[in-house]
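What TrEMBL says about this protein:
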DOMAIN    1-124  domain 'HD/PDEase'
DOMAIN    203-313  domain 'HD/PDEase'
Amino acid sequence: MHHVRTAFIAWHLAKEASFSPASCRQTLLAALLHDIGGLNEQSRLAPLSYYDNDHNNHALIGGLLLAHIPLFKPLSDFVRYHHTCWDYGTGSVIDGEQVPEESHIIYLADRIDVLLAQYRHQDLFALRDMLTKKIQEGVNVLYKPEFIQAFTKIAARDGFWSVIQSSNYLDYIREISRIHNNTISLHNFRDIMNLLAFIIDQFSADDDCHSLAVGRLAGYLAKESGITPTQCLKTEIAGFLHNIGSLDRSSPHSPRHIWEILQPIEGMSDIAEWCMLQSSSKEERASGPAEQEILYVSHRTALALEKKLSTHGLIADLKLAVRQNEISPAIFHLTNDHAAMLMQIYQVTTRERRALVQHIDKLNHALNREKHE
Ligand SMILES: [Fe+2]
Ligand SMILES: [Fe+2]
């Protein structure tokens with residue numbers, strides 16, 4: 001809930017600070033994504049102390065990841081600088097770069113939520129004066145004075161404290177007018193899911209690009225199978241998301257669990273269904289739609305290529321799958337005809353992912369060195 005709460009607070013702050021409606025919306029979106037650069041448990045937990053604020057690596061990496069997606073590029077600097085203190089105005093510029101106002105808003109919203117999280121087991125309503133004072137004490141040193149003024153106005157409202165106590169994310173979304181009516185194109189959504197696949201792979205136990213590869217292989221095979229462009233995009237998205245359960249450490253990764261994560265999202269029910277069926281028995285899969293079979297064969301292809309099988313090895317594995325009634329002869333022929341291309345897609349995906357991981361590692365090393373100098 002940290003991202004939803006931070007976004008809720010940031011949106012109120014932006015509105016109160018008279019940001020334009022477009023800037024309020026961008027602040028909200030950036031706040032929803034602000035810790036996306038925390039690519040492991042350690043960097044996720046590091047920024048959870050109110051005063052210990054020396055954790056800029058995930059902010060820089062988050063900015064870098066968002067800059068890869070055209071729809072999110074305008075948000076990348078907001079995220080990049082979201083741990084920048086105001087420091088009597090010196091925080092308005094870093095290394096000659098202007099720090100966006102939105103970053104300072106998100107920084108304040110993030111710190112408010114981190115502080116409130118420490119008292120979440122108590123009645124926040126009763127503690128509101130103490131909490132408000134504690135935040136206000138950061139004026140000028142940590143936070144821009146205008147934004148503290150905005151916070152003071154918000155904190156005076158009973159409504160703010162009653163929502164902020166809730167653990168139901170719908171209470172936050174409902175408060176933010178029109179956000180629930182927003183739609184994005186399937187192409188943009190595919191780009192975002194491509195990034196999510198990268199994050200899923202970073203969190204999975206094996207050091208590979210499994211989710212990214214399954215998505216891309218599935219997208220290619222769907223296109224070659226002649227299904228509609230919309231269904232091709234959806235099949236690709238299903239491939240990116242089929243392992244999404246690995247992000248949730250609290251529950252076992254059952255196929256049903258994946259369905260429960262994806263199904264409530266509008267327009268995702270078929271994708272949720274294919275992801276769930278993908279791990280079911282071959283009898284159940286045999287009666288599923290074409291997209292689901294493409295997803296299964298893409299998964300199997302990625303597993304074979306992860307074992308460093310050659311194109312011949314891949315085809316032999318798929319022939320075995322036909323004999324065992326795991327896949328139909330039709331999907332075997334499609335895969336067989338495009339085996340060389342599938343191999344190429346897998347290799348390009350592996351190289352792309354490796355380059356991004358190396359880039360992130362380099363950034364981490366450079367930042368850590370700076371901190372210790
Ligand atoms: Fe952060
Ligand atoms: Fe955060």
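A Cβ is built for glycine as well, from the same backbone N, Cα and C atoms used for every other residue.
Heads up, TrEMBL stuff is auto-annotated, nobody curated it.
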Could you give me the DSSP helix, strand and coil counts for the domain 'HD/PDEase' (203-313)?
76 helix, 0 strand, 35 coil
DSSP on the domain 'HD/PDEase' (1-124): how many residues come out helix, how many strand, how many coil?
82 helix, 4 strand, 38 coil
